Amino acid sequence: MTDTRNGEDSGKLLYCSFCGKSQHEVRKLIAGPSVFICDECVDLCNDIIREEVQEAQAESSAHKLPSPKEISGILDQYVIGQERAKKVLAVAVYNHYKRLNQRDKKGDEVELGKSNILLIGPTGSGKTLLAETLARLLNVPFTIADATTLTEAGYVGEDVENIIQKLLQKCDYDVEKAQMGIVYIDEIDKISRKSDNPSITRDVSGEGVQQALLKLIEGTVASVPPQGGRKHPQQEFLQVDTRNILFICGGAFSGLEKVIQNRSTKGGIGFGAEVRSKEEGKKVGESLREVEPDDLVKFGLIPEFVGRLPVLATLDELDEAALMQILTEPKNALTKQYAKLFEMESVDLEFRSDALKAVARKALERKTGARGLRSILEGVLLDTMYEIPSKKEVSKVVIDESVIEGTSQPLMIYENSEPQAKAAPDA
């Protein structure tokens, strides 16, 4: 087939000006001013240009990759405390993407391995937020998977390949981009073995899922249906290489501190045994810092799975001071978010310091960490947010400790008038 200008066809045999093939040897011959180029040469030129562009992009991304100190500094803007975890994550992520930038260099005999990460910490301590912030900072595709929904292939539930499908959806099914992404698998502690003893029944949502995740996390070519379709034999699959995807697994691992304490303290029975009170015991965060791979195996993770997660980072339980900082200091702090909502109604929102302390105390009592702060503030501000759009004359709302405790309503300050506050209704 030949393309010529103005439909002209001289009737004589035409040849590609670059490779010399005739019009009968190629699928398409494109005409220019006194020259011709075939489809094969066009493809070759495209490949050359694509390689040069990719090399340039790799070099520029290598220059743009922030140092571990810079990564940790950016994490500080969004996540309060957890300095040790930030340092571990910053170094691991920096080394991971440095490894990706070096992988295509020729003549380098040393092959760098991948270091996936395991985050251990109480609920609401910032595990998911750390992973989300890292992905946003590095501008790479990011997805969160819930380990509790995963089952072995062939059983009711999600296959592990669905994790890669979610990652592809985040980057419009661009396989190259997906292969540089970050996957955060939450609630990883929930797929621990149900028992140390072998059972005649198959553990399809525990050890079975760990086995299924092994190759995916270590690095394999996963077959994923295009555009979220269901698998069937006649379908063409997208092939995604997971060797360069960074997997971050996180979980609360409730009870792991007891496993660690049993290992690290001398046990004894009888009259000579040392009696230790609860007060003498360490805090959960302090115990978790001493975690070793054997402790995770005793908890219920299989040794092969623990081996695929060489980087361990533990997060501390948040105290009252840290929760107060979370309410006010980060870029997207909750008090700033609610102040923005009220600002849209031309109303100033003020939280007194005693109110912030009361919110932090309530969150500690509920044992929900930073995650519980929003639900407390939502409950406190519900009535006010309901009324404010209808009261155009309100200029400021003040929240103090009594409002958080439920003994009074927020103080509303009206334009050109005295402040008004309603007593809380009797329970």
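Positions of Cβ are set from backbone N, Cα and C atoms, glycine also.
Sequence annotations record features per position, and here Swiss-Prot assigns Zn(2+) binding site to Cys16, Cys19, Cys38, Cys41 based on sequence analysis. Spatially close to Cys38 (Zn(2+) binding site) yet at least six residues away along the chain are Cys16, Phe18, Cys19, Lys21, Val26, Arg27, Lys28, Leu29, Ile30, judged by Cβ distances under 8 angstroms.
In this structure, Pro122 (ATP binding site) belongs to neither helix nor strand by DSSP; it is coil. Look at Swiss-Prot and you will find Pro122, Thr123, Gly124, Ser125, Gly126, Lys127, Thr128, Leu129 tagged as ATP binding site.
Mean pLDDT of the predicted structure over the domain 'ClpX-type ZB' (4-57): 81. The domain 'ClpX-type ZB' annotation in Swiss-Prot covers 4-57.
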Other than Pro122, Thr123, Gly124, Ser125, Gly126, Lys127, Thr128, Leu129, which residues of the chain come within 8 Å of the ATP site, judged by Cβ distance to the Cβ centroid of those residues?
Gly121, Gly250, Leu315, Gly369, Ala370, Arg371
DSSP-derived class (H/G/I helix, E/B strand, else coil) of Cys41 (Zn(2+) binding site)
helix
According to DSSP, folded down to helix, strand and coil, what is Leu129 (ATP binding site)?
helix
For Cys41 (Zn(2+) binding site), write down the residues of its own chain that are at least 6 apart in sequence and whose Cβ falls under 8 Å from its Cβ; none is a fine answer.
Cys16, Phe18, Cys19
